[in-house]
Amino acid sequence: MPLTARQRSIHNKNGAKRSASMTKGKRSRKSSEGEYLVTNAPTDLRSISYPGGMVALALLLTARIISAYWGHIADCDETYNYWEPLHYLVYGSGLQTWEYSPAYSIRSYMPLWMFAVPAKILSFIMTPVSVFYTLRALLASLTACSELMFYKAVCHEFGVHVGRIWLCLSLAAAGCFASSAAMLPSAWSSALVAAALASSWRRRYSAAITFTAATTLLSWPFTALIGVSIAIDMLFFKKKFYEFFKWSIISLIVILVPTIIVDSWHYGTLVVAPWNIVVYNIFTEHGPDLYGVEPWTYYFVNGFLNFNIVWVLALSCPLLLLACRAVATRSIAPPAFCIPYWLSLMPLALWLGVFMVQPHKEERFLYPVYSMIILAGAISLDCIQKMTFAVGTELFRWRKERERRHYLSYTGPLAVMCVMLFSTISISRIAALYNNYHGPMVLLRHLPAEPKVVCFGKEWYRSPSSFHLPPGASIRFVASEFDGQLPAPFSDLHNATRIIHPYFNDLNKGDNTTYLPPSKCHYLVDSDIGRATHLQPFYHTDTKSWNIIASVPILDAAKSNKIFRAFYVPGISYKHVVYANLYLLKNVLIN
């Protein structure tokens, strides 16, 4: 597919100066960053192939919908803080966490209603579990659309070659497989941030501000940090003061006012949920640290698990940009170490800089910058290719042809090998996640179609949500060694979202009054992981009280090799990992 003048210019090996216009037959306008006029693009580059918009969208949709149907719920916060209240809005029953108590009100109902409306319509023609997977497919499709915007903007701002590398890497990335269909604010922010940055790079500032406001007010307030680069570009480089403030005010009114109205109605008092979550996480003495802290190495390890060599390349991006600039010769255009790079990559640097120093760390906290991580990796790989070509022109016969040949003509196989290595390791990671943790997503399919109580004990964090139960059934908890706070059912009253329950607190203190005794559970989810205790007996061995209805394999992490439980290697992994059983038990003493 031939390149346009704009696309050829990005690959200009002689570093031609920016042109005055790219008019496409219309009136001229001033040039902007990333716009060049090139008349001497290498002939072997003019036929470079890269996926067009429809092909890229088809590839992204395929990859993301696969994750929607074969991915598992990796974070119990997704189940209890989003799928459960969503189930309540659609079906009138579900579990409520303390965050949704009117005493704290740090979660907004507004984004949930955006999914509850189509889910309510689907509920008339589908079973709850079908609604669940349809919503995940919807999330995956919206993510793919935002990624298409990002891909096209990367081609525009950083070059077609960087764009196609980004596309190839993002399709197979294990991190994107986990995040693209997740019902989590950080996952929504991943899509909205990609759309905001893409709009900014394409100089569509009204859309960039709107997407930034949406991710801040509807999704996760802390993602406002990523909008800093957009503000700097508009205010300091483009001097678009009027446009910036106009669209900021419009977005604030259009998004925040309906959110306040919806939340205030649900909670029964004036509520600004985005502000409440900022206050809780920053201005309280305990904040999120009650839910576990991790060492400084956590994100380095987690980043490698999700992005392997791309994570290493992304962290090395600043150094590689400097090195590429230093060794660049007349035969390759050095990276424009100005607005297109340092400002465009600022969101990633800011996000990692802030979240890596926080004691409370979770994998989902990096979701908003997943696209940026892959972009930084693609830029680094492009720098390596350029430096390889620069060295080759000095050591090999490339020197004779460097004036009429492009660096991609010689270093293309290097990029292909890196993409193949990354994809192989990523698929290995995805396969390990599926084999090790997908069991809970299918276990409850063996429940009969009758309204019963299904209990979870020590395996409370593996619940896939009430959407996986037959209509009329409910999830409850039995006592276990876990002493933290667990959700409780929404009240049956019509004003359930306005009721303040005394057992909810923001100190993560458990309350046994919300638990059921095992004898009152019709079904119970149990496992043979660990050792039996007084509070966590092996219920499945008590054949007088329980019958095993179904079982699925689940990884016993404590008994498995760390490497082979993280990556699947055919023919080898099974020798180094240990699987336990997750059981669905039926109480034979009650009907």
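Positions of Cβ are set from backbone N, Cα and C atoms, glycine also.
Caution: TrEMBL annotation is automatic and unverified by curators.
Among the features that TrEMBL reports, region 'Disordered' is placed at 1-34.
Positions annotated as transmembrane segment by TrEMBL: 112-131 (among others).
The feature transmembrane segment is assigned by TrEMBL to 166-188 (among others). Non-local neighbours of the transmembrane segment (166-188) in the same chain are 51, 56, 59-60, 63-64, 66-68, 71, 73-75, 77-78, 82-83, 86, 111, 115, 135-137, 139-140, 143-144, 147, 150-151, 154, 215, 218-220, 305-307, 310, 363-368, 370-371, 373-375, 377-378, 419, 422-423, 426-427, 429-430, 433; each lies 6+ residues outside the stretch with a CB under 8 Å from one of its CB atoms.
For 208-232 (among others), the entry in TrEMBL reads transmembrane segment. Only residues 6 or more beyond the boundaries of the transmembrane segment (208-232), in the same chain, are considered here, and those with a CB under 8 A from a CB of the stretch are 108, 110-111, 185-186, 188-189, 192-193, 195-197, 199-200, 244, 247-248, 251-252, 255-256, 259, 274-275, 277-278, 281, 343-344, 346-347, 350-351, 354, 368-369.
Per TrEMBL, transmembrane segment is recorded for 244-262 (among others). Panel annotation: around the transmembrane segment (244-262), residues 108-110, 113, 205-206, 209-210, 212-214, 217-218, 231, 234-235, 270-274 of the same chain, lying at least six beyond its termini, place a Cβ under 8 Å from a Cβ of the stretch.
Annotation comment: TrEMBL describes 309-328 (among others) as transmembrane segment.
Under the heading transmembrane segment, TrEMBL lists 340-359 (among others).
Taken from TrEMBL, the feature transmembrane segment covers 365-384 (among others).
The transmembrane segment annotation in TrEMBL covers 407-427 (among others).
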